[in-house]
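> Sharing a structure below in structure tokens format, with a few things to ask.
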Amino acid sequence: MTAARNIPTFDDLPLPADTANLRHGANLHDALLALLPLVGVWRGEGEGRGPHGDYRFGQQIVVSHDGGDYLNWEARSWRLDEDGQYEEPGLRETGFWRFVSDPEDDPSESQAIELLLAHSAGYVELFYGRPLTQSSWELVTDALARSRSGVLVGGAKRLYGIIEGGDLAYVEERVDADGGLVPHLSARLSRYAG
């Protein structure tokens, strides 16, 4: 059912269209093969912890490419009420995944994952990490910049993985005021397209 779906495109641009379906469009760049399972449109629900307590949210993540040496990332979420219905817009982020020369110069690994994200809440985050397996990836914040109007946040650690049933699951921990990592977000998303 998801194999025929893709993201909408306009065919009047003189460059390859973005695709979230590996069966359509440009071939995935060879440098991104370790991230291939992420490509697609993912939808589902998760749980978050904020300053006003725990909450549930819905989410869509679009991971697409145009044949370049990076993946496009767009995540949109919305708060859910106690009945699981839409309540209000939630977190939104957009960015790029790519492989780069290892910033740590680790002799056992020559490449690191770089994830650059801009958040609608007014901050930009740079993560570095590695594949843990063929279908799981761990990333940690390396740098964070906040706009004048942006929310104050600490760094984060994210773990993504393709789990039983082919779903995408992730957990994010954020640094709290005491300097420790605490649970912040987790979700399980099913493939909607790709």
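The chain as shown is numbered from 1 upward.
Cβ from N, Cα, C; glycine included.
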> Choose the correct range: of 19-25, 40-46, 131-137, which one does Swiss-Prot annotate as motif 'GXWXGXG'? Give that range.
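In Swiss-Prot, the motif 'GXWXGXG' feature sits at 40-46.
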> For the binding-site residues listed here, Lys157, His184, which shows the highest count of neighbouring CB atoms within 10 A?
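Ranked by Cβ atoms within 10 Å, first place goes to His184.
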